[in-house]
Amino acid sequence: MTTSPAPLTVRDVTVRFAGLTALDTVSFTVEPGSVHAVIGPNGAGKSTTFNVLSGVYRATSGSVHLGATELTGLAPHRIAGLGVARTFQNLALPPHATVAESLMLGRHRLTRAGFVAAGLRLPSATREARRHLERVREIAGFIGLDKELDFPAGALPYGKQKLVELGRALCMEPEVLLLDEPIAGMTADERRRTAAVVAGVRDSLGISIVMVEHDMGVVMRLADAVTVLDFGRRIAGGTPAEVQNDPAVVQAYLGAQE
Amino acid sequence: MSEATKDATAPAATAGAPPAAGTPFTGRLRRPAPYLWLAGSVLLLLFPFYLDRFWLQAGLFAMAAAIGAIGLNLLTGSTGQLSMGHAFFLAVGAYGYCVLAGESSTENGHALTGLGLPSWLAAVLAVLLAGAAGGLFSPIAGRLSGAYLGIATLALIFIGQHVLFNAGSLTGGFNGRPVPPLSLFGFTFDDAEVVVAAVPFQSSEKLWYLGLAALLAGGLFARGVLRGRPGRALNAIRDHRIAAGVMGVPVARYRAGVFVLSSMYAGLAGVLLALVFQRTVPEYFGMILSLEYLAMIVIGGLGSVAGAVIGAAFVSLLPQVLTHYSDSLPLVSAPGTGGIAPGEASRYLYGAAVVAVVLFLPGGIARLKTPGEKKK
């Protein structure tokens, strides 16, 4: 997994749904190993951006590159195969599976066992599963879920479920991590913990993180760069301090002064 | 049922643990299980010595149905892909075996084509043939989701029925064709009597063990698939298709793959059914059969091997039980004597069972045993 970190470049991406322009020539670059926040009022196009980055939506025009590799037009599982992982704003966890099984799904792209190997329980498949379960335990420990591994993920409190989502994305050993409102709906304690995990991921693993988040305190604390969207357009960008004082941003959030 | 069944209740409990908060890992509660398995498997192995042909046949139907239902449950229960075409693949297996193993002959003025291959090879090839038929359909199965696939597979039933009735030289048309007995390592599963411990063994007794072995193998294989990497991918596709793709699961490829696998299970079930029936007839492989298989997995429990086996036993043994005891049951009478025929009565009953399960037991009968009832 130690390819040299590559920047994620979004260039002039436009997404239209039957006449509605959800994204209008949006460009930004996520520097390797940085936390890049995408903020904006509701309906600004943040989730659409994520869906384009992860291949769920196809851009009408424009391009997304990870290093030299073009991501635009690739199927989601191919983009995931290149090391782009994401979490979902509204949880996308299996309702009955345990936390360990949910995390193991994140190992999918790193494992090989197919129908025959798994069905016949070939030694190669068993060994592979054991090895990857080991790594899953490590990651669970890293994000503080080691005690919950055997619980059904659906039975955990909301904040923990969000952590499971984050853990599952981390289990993909990503180069780029897309976090869609990672701390929304969490208790103060869980927020602190998640923010620490995100910071730790950047510092110790060198993963680039793109984050959509409404909690400005966390954005200002964690983000190295911020892109502000409003009505599908990029209205500002820069360091958190620059963005905070940008009149266009203030206007988008608070409305124009009469 | 067989060892495979009892064995498989464990993953059912794990995979399907109801999300009741504070119930730690229900799968661990299986302490008396080993003894139950042992008793169950000894009982199953001894049945041919005590039961008469009627009950052995009923049991064999249930085993064949269980194999087919395991396959359908992989597709519908675990991946969320509805298939109405399961009967078609059963037919491919059953007729495939007859054509591959049978000799060319003339019956009632019909010329029947047969390749006359060794019957064990024919059985293996018939399963592969069913898989290949599933493979031909898999580009469609990979692209369509859920109920849409259900509608598309309906077409298979109609095509299948048309071919079975009209391709006379292959299928024998309306009258069907005889099924050559299977022989394996020089041992033939036919009606020639072999006396074992003063019990005459005919085809049902011999096939009983073959059926058990096939069910055990099929159940264990499916359980391995479900507990391993492919099973997680399939469940992810069922639970959240978009997230599955984003996690790196090639959704279309897995949908196509599980469709082929489920067709092969249906093919194996078809071969076993043909061997038990000793004659394949086209009308058996109609839409009703597909619906029965769906009823099995819903009643038994979606997404688990145990559920498929329990449901298959319930749906396929019920008509037999009602037929056998039609004299002593109120309202049910022997076919053709007025009143409700056993077949009809059992259909009403499992119709009611489907409704009851959907309303009161969303996890199916297989999940009844799971402790930690959820009260919502």
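Heads up, the Cβ atoms here are built off N, Cα and C, so glycines get one too.
TrEMBL annotations: computationally assigned, not manually curated.
Per TrEMBL, the feature transmembrane segment maps to B:35-51, B:57-75, B:87-105, B:117-137, B:144-164, B:208-226, B:256-277, B:289-318, B:348-368.
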Stretch with greatest number of CB pairs under 8 Å, the transmembrane segment (B:208-226) reference, B:35-51, B:57-75, B:87-105, B:256-277, B:348-368 candidates: B:57-75
Selection from B:35-51, B:87-105, B:144-164, B:289-318, the stretch that has most Cβ pairs under 8 A to the transmembrane segment (B:117-137): B:87-105
Which of B:35-51, B:57-75, B:87-105, B:256-277 contacts the transmembrane segment (B:289-318) most, counting Cβ pairs under 8 Å: B:57-75
Range from B:57-75, B:144-164, B:256-277, B:348-368 with the greatest count of C-beta pairs under 8 A to the transmembrane segment (B:87-105): B:256-277
Ranked first among B:144-164, B:256-277, B:348-368 for CB pairs under 8 angstroms with the transmembrane segment (B:57-75): B:256-277
